[in-house]
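Listed in TrEMBL for this protein:
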ACT_SITE  97  active site, nucleophile
ACT_SITE  169  active site, proton donor
DOMAIN    7-229  domain 'UCH catalytic'
SITE      91  site 'Transition state stabilizer'
SITE      184  site 'Important for enzyme activity'
């Protein structure tokens, strides 16, 4: 699903696995990834606050690829606003979409989360790079690669081979400068989904997730995980 020079083992959409991974790399214990059990208001109310990012795992199929190409053409023609303060990186490593979604969710909330250790080093060293250079830096970052591979083997489901064809993909939804962005390293640019606030972010991001699901109503393989302050 990328310009594959390297292929990693796929990361499971399991908050326990994700938390072990990012905490090993330097995410403070007061922040964690947590399951979102549904997108209706009463289930969203169960998500801890503040919630600063949603990660969506969804199937890549012909229906989605057709939509993605149309979306890209529309944005290239009409243009969109993307703040320079948004941290975005491309995906050049096969099966690394989970790690890139985690990095996108943390990188765009550094003021609140205050990452440490290897995470802090990676984000500081890539802050002034462009999205392609950030991807190249990740290819050489042994600390993140080792933590990813270790976490990928931890999941509850049988770990696929790094060469298996994986048709599930992670994206991150974040709020920056009052706008809601979808960050997907396979796309040529971030997608601006319009205005949001810290207070309305969870509800607004859930609407974007619902749009993904509505485009493929017969598909059941959707998972949503929130990044929230839990301690």
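Including glycine, each Cβ sits where the backbone N, Cα and C put it.
Neighbour density for the residue listed as 'active site, nucleophile': within 10 A of its CB lie 27 other CB atoms from the protein chains shown. Residue 91 (site 'Transition state stabilizer') counts 24 other C-beta atoms within 10 Å of its own C-beta, drawing on all protein chains shown.
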